[in-house]
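Per TrEMBL, the feature domain 'ABC transmembrane type-1' maps to B:68-271. Residues or ranges marked as transmembrane segment in TrEMBL: B:12-36, B:68-93, B:105-125, B:145-168, B:189-210, B:257-274.
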């Protein structure tokens, strides 16, 4: 019985190893093709780059030049980090307030946030981009406000879910000791909220880093390109795509994410689970 | 205590609410208003009543109805495939197999890659396979359909698997022990213990896959961009193209967007009610 079970286990390990290899294969394929001369990429993507097909790092150089990848990377990083930081700070404060001060106004805010979560972006995309234009939010700093506004629903909802479980006594003790509400929040409540902060950070960062349509419509794209916009920009109008440059840029776009993932894997997976349970 | 906090509202609530008004409330209300108007920007709107809504239907050059069915079919197929596969993988990876952590890591990875990039990765792979048959992804909308299904499975199975794994691990061991002692075989355990106990996870996963399927945009844009002749265009892309691809149709685009919102909201709410009633009280 035990031997059979062990055999069963090994068989499954082998099976899942094969599936895993198949799972990574698409990324591996892009990596291989990024070293090929562009004419050979669409003709035979499965061949191995060698001899005259191999072009070294040419595709990367071309891809970086054509898309301004370095600036795009910096811009994506800037927008993601700043937006997430602002979202965490503002929405956790907002959530704590609407949990502690119960009246019609805070109730309305809560339900509006809940409501905003089921509204698809297409519903507001046109008006949002026009409003952002009128208010001069069409730059990397302004878009942070837009992200705070559009991302507020989910974050407020998740923070409220957690604040509800914090016992009031802790805060009351702090207030009796003479803390102002601001001190109470930053010195007592925010440290307790840390796990939720991580969850919200992960969910929002995954969304903002990969978001294409919102920055494309809101930002002045002649000046500012995030990574997804830069990739899509390569495809351009009606002309043919430079597959070589495309492959190079794809690899460059994927590698930082994978490195980040391997380092923060535990937090990412826990964040996703916590987010799902609350959501 | 309540009172002391109350007067701090400009610090605590105002920043978020200002941004929320700019980023959501104002665009939403203006969007509903504009769906009854003819306009090219928000400042030149003229009230036209329901004519935008009437124009959605029966326009031969605009396959809105086709994209509606295409999206619905895609969503049904992808929801079923993703959830079943994710659940099966989760069942295996919660057993004592060597290397489960590595497998989980690998299966989850595609989630972090953005839709546009995913689209081009799969375009390369699928077109590479199809050239052997002298076809491309844009040969017919059927290819685009299955291409998208494969892509979405690849992207989302890992995410849903993680949620199912946490659901399965939360089932108390005694429950399964008790069922075994009562003589239940593994199929009965699965049907009468495991599935009812992970119902909350099923609710969440079907909700996520359902709304993701309906709102799909980036992957659709990158993989086929609606080709051939808009036949693989899904709802979100159709709305986008109505807005930005045809001048004079901004109002129609907005009307479609309102319908789209109502549809997504109705589906989300119905699904939630349906699966919530099946959940076991713990």
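Positions of Cβ are set from backbone N, Cα and C atoms, glycine also.
A TrEMBL annotation is a machine prediction, not a hand-curated record.
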Open item on the list: Short question: most Cβ pairs under 8 Å with the transmembrane segment (B:145-168), which of B:12-36, B:68-93, B:105-125, B:257-274?
Closed with: B:68-93
- [ ] Grab the same-chain neighbours of the transmembrane segment (B:12-36) for me: Cβ-Cβ under 8 Å, and only residues 6 or more beyond its ends, written as numbers and ranges.
- [x] 5, 42, 45, 47-50, 52-53, 250-251, 254-255, 257-258
Task: Close approaches to the transmembrane segment (B:189-210) from elsewhere in its chain (Cβ under 8 angstroms; 6 or more beyond its ends) - done: 75, 78-79, 82-83, 86-87, 91, 156, 159-160, 163-164, 166-168, 170-171, 175-176, 179-180, 267-268, 271-272, 275-276, 278-280
Task: Same-chain residue ranges lying at least 6 outside the transmembrane segment (B:68-93) that approach it to Cβ under 8 Å - done: 100, 103-104, 107, 141, 145, 148-149, 152-153, 156-161, 164-165, 167-168, 190, 194, 198, 202, 205-206, 209-210, 213-214, 216, 231-235
